[in-house]
Amino acid sequence: MSDTTVQDTVREPAPAAIEAPADRVRRLRVGGLMLVFALIGLGLAIVTNGGKATFQLVSGDLQNNLLGVPAQPVAIFLGLLGLVAAGAYVVRRVPQKYSGWLAVVLGICFIGAFLCWAAAGKTFPLANQFQGTLNFATPLILGALAGVLCERAGVINIAIEGQFLVGAFTAAVVSSMTGSATAALIAAAVSGVLMASLLAVFSIKYLVNQVVLGVVLVVFASGITGYLFDQFLQEDAENLNTPTVLSAVKIPGLGDIPFVGPILFNQTILVYLTYLAVAVVTFVLFQTRWGLRVRAVGEHPKAADTVGIRVKRVRYSAVLWAGVLAGLGGAFFTVGYAGSFSKEMTAGNGFIALAALIMGRWHPIGAMVAALFFGFATQLQSQLQIIQTPIPGELLLMAPYLATVIAVAGLVGRVRAPKADGEPYVTE
Amino acid sequence: MSNDTTTEPAQPPAPASPVKEPAASGLPSWAVQGLVSLSAIVLALVVGAILIIVGDDEVKAAVAYFGAAPQDTLSAALTAVGEAYKALAVGALGGLNPIAESLTQATPLICGGLAVSLAFRTGLFNIGAQGQLIIGAILAAYVGFAWHLPPVLHLVLAIVAGLIGGAIWGGVVGLLKARTGAHEVIVTIMLNYVAIYLLQWLLTTTAFKRPGREDPISPIVDSNAQYPQFGDTRLHVGFLLSLLAAVFVWWLLNRSTIGFELRAVGANADASRTAGMSVGRAYLVAMVVAGALAGLAGTQQVLGTDLPLTDGVAASIGFDAITVALLGRGTPLGTVLAGLLFGALNAGGLQMQLQTQTPLTLTTVLQAVIVLFVAAPALVRSVFRFLPKERGSGAVLAKGWNG
């Protein structure tokens with residue numbers, strides 16, 4: 001194993017460098033998995049019927065802006081390209097640092113071939129697909145970022161689901177009572193911070209096991225929002241549970257870019273806040289002194305303490321800021337998307353955000369990519385149900401979850417959390 | 001401790017040393033834990049009382065003229081809390097039927113809790129009891145209604161099918177963790193969803209759909225494959241299997257060789273590896289057995305409590321099982337007691353909802369608050385000053401992500 005670490009520090013390993021056995025196993029396993037997908041893609045291409053696949057580039061526009069492609073030739077081309085990418089990965093004819101891109105190429109080819117197969121002779125709403133991806137991913141990204149902040153500081157956050165729930169609840173109630181979107185978002189953030197402060201106090205002060213704590217806080221949040229819903233919101237829905245859904249704000253200029261513009265830059269303020277959050281969290285964590293401290297107390301609190309960093313204070317601040325993000329993520333469910341609050345409406349999305357955070361290896365960008373992947377798969381499933389494929393809807397619903405298992409087992413593999421993640425810090 | 005032998009040689013070697021262990025009280029640790037748990041329940045009931053008062057209609061009405069007659073608000077509040085908790089207690093323990101119902105509710109919680117506990121002790125966080133329970137229920141129900149066999153044999157085969165289903169679903173997690181290092185938290189969460197959608201799909205197929213019904217419901221399990229009931233109650237033999245399962249888990253963890261390995265890996269995976277144990281095998285074994293336990297909970301649902309398979313078969317049992325395991329601190333006995341408590345709260349909660357319109361969601365809050373306080377003994381002690389201090393932290397499960 002020590003060979004690999006030495007290799008990594010050398011600038012560019014020669015293509016003929018001796019491969020450590022563990023790396024070889026990993027390359028063959030990942031490569032094998034890629035080959036399987038490439039062959040499935042090719043198989044789909046072969047059974048694609050000869051019609052034209054039409055992709056709708058602007059949502060709602062069925063006359064213009066259509067992209068028609070001959071389904072089978074394109075699918076076969078993509079299938080072969082994917083096969084080449086997978087093959088290249090297995091025999092390793094490319095420098096190591098590009099091999100990750102081969103997986104990306106294969107992924108795009110596979111999805112492209114799949115779409116050609118599904119859309120042959122039909123119209124596939126491609127713009128809706130990306131729009132929906134962003135919708136599903138927005139709360140996941142915010143939740144995963146909240147998790148990144150907490151866990152980089154050494155506090156496990158399984159309670160994202162609970163923070164979502166109270167955020168969603170508070171945003172709905174405050175929006176209904178005041179009619180103000182700003183007030184609703186601020187209230188959601190505050191309620192997220194309150195939930196996060198429970199996490200912080202119990203884990204940092206009372207040294208409660210953080211996995212335990214997270215699960216309990218989820219149950220607590222679901223109980224308390226459920227109870228308040230039963231006792232108040234249901235009886236007086238008119239005044240308490242009729243929030244105004246945020247309206248989309250088009251950014252001048254950027255919003256006019258063809259295809260991408262309406263999808264990315266004609267969104268609600270919450271989505272823009274999400275873009276901002278990704279950038280800010282990445283910058284703050286890796287470029288500022290506070291970020292360095294957060295990472296230090298998450299990796300080696302004792303060392304951080306020795307050099308004068310106040311471990312507990314840094315942890316409190318990281319967890320509370322995470323509460324802001326998770327609370328906003330929760331607001332998306334009510335004022336950002338669905339409107340009224342209903343019991344347990346976050347439906348496990350907090351746990352999926354947790355999965356995205358682990359898949360993204362505790363990095364904000366990685367977490368965002370994982371969240372987008374999940375959003376894409378979820379949206380694809382509902383689109384395919386609309387255009388009708390031979391696959392039953394329930395099985396399509398499984399796809400994102402199975403894909404995550406395959407991705408985690410086959411591609412991500414052994415991940416390493418921040419070293420002190422989950423370990424309370426006790427000063428002696 | 002100075003024992004000066006030159007001056008007083010006849011003095012016995014002073015067993016009554018004035019300096020005792022400062023932290024420990026005279027009580028054994030189980031008694032301290034019991035006291036902490038009881039105090040936690042009391043605190044949770046206080047929190048619940050506040051919620052009842054806040055949500056009660058008559059209290060709301062009385063608050064409107066609080067300035068004029070504050071005693072009305074007070075008495076309305078006391079009445080509301082009193083009635084709700086009385087209904088809760090009567091529903092949980094007030095007679096043979098309520099007790100049977102509490103035990104029925106506890107049955108799958110104990111098995112599910114054991115599934116989570118066992119994985120916990122091996123250093124794995126099994127969020128997947130829900131999925132394992134569903135797959136177990138699917139297989140058990142299928143054997144139960146599709147095959148037609150003599151009594152006893154049919155039930156045994158249906159149970160075995162359920163165990164196998166759960167074991168497979170859990171085993172996949174252990175295998176992936178051992179072979180590829182895939183994080184069990186993600187894999188179990190994802191497999192829960194896969195199981196839910198698999199169940200929904202199966203209930204649309206001819207093999208599982210009850211003829212003549214449009215809604216997703218399976219045929220009723222043959223009477224030969226049903227757990228025998230106790231009298232006229234809903235309580236069935238599955239409850240005894242839960243207790244047996246707890247004994248089995250106790251034996252496995254504390255008396256068997258593999259159990260020693262499981263605990264060693266749970267305590268320190270690196271050290272165990274260095275000592276020559278196979279960490280991967282421990283993960284696999286733990287998840288297979290945990291899955292089988294959750295599968296057993298699945299059989300209790302479809303062969304005992306519910307009979308036909310529906311898409312709501314698992315309710316929130318898999319998730320409640322996590323809180324049960326946490327409250328039980330990962331030990332079989334603790335899990336049984338926690339399961340009984342939660343079962344009683346569920347049964348009582350239903351009665352409370354029926355009689356006083358206090359929503360069932362209140363019991364969810366109670367359960368969460370109890371576990372929260374039990375997990376933070378220092379907090380409970382800061383409220384109840386008289387509680388003795390515990391030896392050790394008592395937090396058997398305290399460990400990080402990297403195990």
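Going from the start of the chain as shown, residues are counted 1 onward.
Placed from the backbone N, Cα and C atoms, the Cβ positions cover glycine too.
Heads up, TrEMBL stuff is auto-annotated, nobody curated it.
Small disclaimer: the values here were computed from a predicted structure and weren't measured.
In TrEMBL this protein carries:
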type	residues	note
TRANSMEM	A:30-51	transmembrane segment
TRANSMEM	A:71-91	transmembrane segment
TRANSMEM	A:98-120	transmembrane segment
TRANSMEM	A:132-149	transmembrane segment
TRANSMEM	A:156-177	transmembrane segment
TRANSMEM	A:183-204	transmembrane segment
TRANSMEM	A:211-229	transmembrane segment
TRANSMEM	A:269-286	transmembrane segment
TRANSMEM	A:318-339	transmembrane segment
TRANSMEM	A:351-374	transmembrane segment
TRANSMEM	A:395-415	transmembrane segment
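Counting Cβ pairs under 8 Å to the transmembrane segment (A:183-204), the stretch among A:30-51, A:71-91, A:269-286 with the most such contacts is A:269-286. Among A:30-51, A:211-229, A:269-286, A:269-286 has the largest number of CB pairs under 8 A with the transmembrane segment (A:132-149).
A Cβ distance under 8 Å defines the sequence-distant neighbours of the transmembrane segment (A:71-91), meaning residues of its chain 6+ beyond its ends; these are 27-28, 30-32, 34-35, 37-39, 41-46, 48-53, 99, 102-103, 105-106, 109-110, 112-113, 116-117, 119-121. In terms of C-beta pairs under 8 Å, the stretch of A:30-51, A:156-177, A:211-229, A:269-286, A:351-374 lying closest in packing to the transmembrane segment (A:98-120) is A:30-51. Between the transmembrane segment (A:211-229) and the transmembrane segment (A:269-286) there are fewer than 3 Cβ pairs closer than 8 Å, counting only residues 6 or more apart in sequence, so the two stretches are not in contact. Long-range contacts of the transmembrane segment (A:269-286) within its own chain (CB-CB distance under 8 A, at least 6 residues past either end) are made by residues 134, 138, 141-142, 145, 148-149, 152, 181, 185, 246, 249, 251, 294-295, 325, 328, 331-332, 335-336, 364-365, 368.
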